[in-house]
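What follows is a set of notes on a single structure, which appears directly below.
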Amino acid sequence: MEHYDGENDYMHQEDDWDRDLLLDPAWEKQQRKTFTAWCNSHLRKAGTQIENIEEDFRDGLKLMLLLEVISGERLAKPERGKMRVHKISNVNKALNFIASKGVKLVSIGAEEIVDGNAKMTLGMIWTIILRFAIQDISVEETSAKEGLLLWCQRKTAPYKNVNIQNFHISWKDGLGFCALIHRHRPELIDYGKLRKDDPMTNLNTAFDVAEKYLDIPKMLDAEDIVGTARPDEKAIMTYVSSFYHAFSGAQKAETAANRICKVLAVNQENEQLMEDYEKLASDLLEWIRCTIPWLENRLPENTMQAMQQKLEDFRDYRRLHKPPKVQEKCQLEINFNTLQTKLRLSNRPAFMPSEGKMVSDINNAWGSLEGAEKGYEEWLLNEIRRLERLDHLAEKFRQKAAIHEAWTEGKEDLLQKLDYETASLSEIKALLKKHEAFESDLAAHQDRVEQIAAIAQELNELDYYDSPSVNARCQRICDQWDALGAMTVKRTEALQRTEKLLETIDQLYLEFAKRAAPFNNWMEGAMEDLQDTFIVHTIEEIQGLSTAHEQFKATLPEADKERQAILGIHNEIAKIVQTYHVNMAGTNPYTTINPQEINAKWDKVRQLVPQRDQALIEEHARQQNNERLRRQFATQANIIGPWIQTKMEEIGRISIEMHGTLEDQLTHLRQYEKSIVNYKPKIDQLEGDHQLIQEALIFDNKHTNYTMEHIRVGWEQLLTTIARTINEIENQILTRDAKGISQEQLNEFRASFNHFDRDHSGTLGAEEFKACLISLGFDIANDAQGENEFSRIMSVVDPNRMGIVTFQAFIDFMSRETADTDTADQVMASFKVLAGDKNYILADELRRELPPDQAEYCIVRMAPYTGPDGVPGALDYMSFSTALYGESDL
């Protein structure tokens with residue numbers, strides 16, 4: 001049997017259970033009936049059964065028993081308590097066992113089974129059926145579902161009017177069930193008398209015969225299938241799987257035939273691989289034999305075109321002809337290795353190719369091919385280089401000449417321009433820099449001119465066929481080069497003369513720009529500051545702004561002097577331009593600032609100063625009002641905040657000190673709660689003050705550390721703490737009255753709990769709880785047994801595994817430990833009284849002493865007594881009593 005992967009088989013089938021979809025009522029009815037019958041077919045082996053599938057599995061006991069029967073394994077010991085936590089524990093043990101078998105339980109939780117959720121319970125049973133009844137079905141390496149369907153199709157293939165394509169409508173006429181029975185047990189059904197138009201008779205016949213002769217319980221009624229447009233697939237699969245397991249013995253002959261077919265198929269496949277290898281090897285070796293002579297041919301060609309054609313042919317060989325052969329060689333080696341692996345795995349002798357067709361022979365031939373190929377390529381490249389040399393020199397001359405001619409184009413017109421006559425100083429300097437760059441460029445091109453002449457000389461020496469045209473072109477280039485040198489010197493002299501004429505004016509422009517720029521920036525900054533919207537939160541901040549504003553006003557006279565000096569520089573420039581008739585091409589090149597702009601900004605600054613004065617006065621008045629609101633809120637908050645903290649501490653002391661009875665503590669706390677509620681008007685008054693602060697957009701208050709949010713949170717915590725403390729005392733009273741615990745015991749429990757609650761959190765950690773139990777007399781040893789016992793106790797008091805124990809959980813645990821409870825020995829002693837002091841009891845004695853339903857319950861579950869003093873019909877009440885308390889299995 002193949003290994004089963006739960007995540008890749010039935011848990012990912014198309015019919016996975018979806019907890020968010022509602023079952024069709026007809027399908028749900030079919031599933032209830034089918035799954036119940038299937039479960040009972042296994043539970044009856046343990047002497048029990050279920051009636052209601054979602055109710056009878058709620059405590060987990062029968063669910064664990066079902067898993068033990070169908071798996072043949074023992075599960076963990078079940079919990080025998082009746083509480084919900086015991087039921088959840090049992091169901092979780094069952095679900096964990098299912099998960100240990102490789103099954104991923106999708107969205108199925110123990111709580112839903114315990115709550116009787118029908119859909120989740122049916123989904124869980126379907127998962128169990130898939131794992132233990134359908135998973136192992138495999139026909140020709142198919143999945144469980146596909147294998148079962150294929151088995152049905154093969155078994156029913158000879159029968160007319162039977163066409164099994166699925167697990168729903170293909171079974172509605174009942175002929176499929178009848179055909180399966182007749183195929184394996186033809187004496188049980190007269191198949192020739194069945195009619196396709198009578199599904200009720202067909203289905204009833206199949207179900208009755210299966211129940212009577214094949215030990216297959218009746219899982220569905222004929223009406224369930226006929227009366228539904230599409231029967232439930234899961235119910236049909238469960239029913240059909242029972243037929244498969246009933247007839248599984250008939251599969252042996254079919255398995256043997258499949259084995260023979262599989263062996264023959266492997267042998268045929270290996271023979272085909274051998275033939276393919278021989279043919280592919282022969283073809284490849286023949287191609288290598290024909291190709292090597294072509295690569296070894298070294299006869300040179302006389303023209304460049306012919307050699308290039310040879311190179312193109314070689315490239316076609318490398319690009320088109322050789323790659324498929326490389327792939328064939330690789331595939332040949334892969335096929336050879338695959339064939340040898342298959343032969344080895346199927347215990348066949350290794351394959352030995354024909355003489356000269358071994359993989360090593362092919363590799364040797366291929367090496368010879370690549371050696372010839374490498375030499376051929378080197379020869380081709382050397383010949384092409386030899387023929388290219390002369391063409392290369394001529395092409396190099398043409399390229400360099402073309403580049404030089406392109407560079408010199410327009411250079412003569414540029415050197416003869418008179419653009420400097422109307423240029424400004426900055427433009428003159430730019431023209432000088434540009435001309436200097438041209439001179440550097442001209443010098444750099446000297447090497448190219450020399451190279452052109454050298455190449456022309458080499459072509460002449462090699463008798464190049466077009467030497468006359470090369471020489472003429474070279475002479476033109478040299479003549480033009482000499483003319484460019486003379487024009488360059490002449491333009492240099494003209495530019496330097498013009499530069500000296502404009503330098504004087506430029507110095508004045510520069511001085512104006514140096515002084516105008518910072519003064520302009522100062523005015524723009526002043527305007528920005530005077531118009532800036534300020535946001536302050538304290539009186540100190542507004543006073544700082546006022547002081548800074550007064551300091552700014554004191555600088556205005558000095559600034560006016562600087563403004564007049566800057567305007568004087570501009571007047572001097574105008575005088576020089578008029579005196580010397582200088583042709584000014586533009587405005588000041590160092591700045592865009594002009595005298596008109598300076599005067600306009602100065603007037604704007606003078607206008608904004610009084611506006612800023614008024615804004616500062618108004619803001620100062622607003623900050624004074626905000627300070628009054630801060631002090632008003634802080635006065636109340638500094639009283640209420642400590643009051644809340646004090647009350648919190650007092651409540652904590654009340655819950656710990658345990659003065660008087662629980663009723664006295666409860667009365668005291670309720671009076672305390674009333675006094676706290678009466679304090680609410682002061683909180684409301686503070687809320688009003690806080691609203692005024694928010695409306696004034698006040699965001700801080702240095703007069704108090706309390707915010708309104710702190711007060712609100714503290715007040716809510718105070719109300720919650722007093723209510724929780726009162727509820728805790730009420731729960732302690734309920735626990736004391738329900739469990740019969742005395743006030744002294746409760747006080748002792750509280751004192752021990754408070755002693756180990758070091759941080760006064762109202763809870764104990766695991767180690768604190770353990771120390772508390774030891775102080776109360778619990779014997780918890782420091783060994784493995786003691787640790788197991790403490791883990792059991794922690795699972796009771798901390799079922800959610802939070803790592804803490806509340807006082808209520810502690811009280812519940814201590815009440816259970818100190819309360820009077822029945823034991824297995826007490827029940828055993830009671831049975832012995834009813835039995836007249838015998839070691840066994842009779843059914844009549846049980847019916848005489850117990851109510852009828854309880855008497856029958858005991859009779860059904862008690863094992864026969866096997867002691868030497870037993871009589872016919874004697875029942876073992878001792879093992880039954882121990883089983884009631886989980887000390888053995890029912």
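Placed from the backbone N, Cα and C atoms, the Cβ positions cover glycine too.
Away from its own ends, the coiled coil (428-462) comes close to residues 390, 393-394, 396-397, 400-401, 403-404, 407, 414, 419-420, 470-471, 474, 477-478, 481, 484-485, 488, 491-492, 495-496, 498-499, 502 of its chain (Cβ-Cβ under 8 Å, at least six residues beyond either end). Residues annotated as coiled coil in TrEMBL: 428-462.
Annotation comment: TrEMBL describes 29-133 (among others) as domain 'Calponin-homology (CH)'.
Among the features that TrEMBL reports, domain 'Calponin-homology (CH)' is placed at 142-248 (among others).
Residues or ranges marked as domain 'EF-hand' by TrEMBL: 744-779 (among others). Long-range neighbours of the domain 'EF-hand' (744-779) within the same chain, counting only residues 6 or more positions beyond its ends whose Cβ lies under 8 Å from a Cβ of the stretch, are 652, 655-656, 658, 662, 732, 736, 790, 793-794, 797, 803-807, 810-811, 814, 818.
The annotation domain 'EF-hand' is assigned in TrEMBL to 785-820 (among others). Within its own chain, the domain 'EF-hand' (785-820) is flanked in space by residues 85, 728, 731-732, 735, 738-741, 745-746, 749-750, 753, 762-766, 769-770, 772-773, 776, which lie at least six positions past its ends and keep a Cβ under 8 Å from the stretch.
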Give the residue counts of the domain 'Calponin-homology (CH)' (29-133) per reduced DSSP state, in the order helix, strand, coil.
71 helix, 0 strand, 34 coil
Within the domain 'EF-hand' (744-779), residues counted as helix, strand or coil by DSSP:
23 helix, 3 strand, 10 coil
So how many of the residues in the domain 'EF-hand' (785-820) end up helix, strand or coil by DSSP?
25 helix, 3 strand, 8 coil
Let's see if you can do this one: DSSP helix, strand and coil counts over the domain 'Calponin-homology (CH)' (142-248), in that order.
67 helix, 0 strand, 40 coil
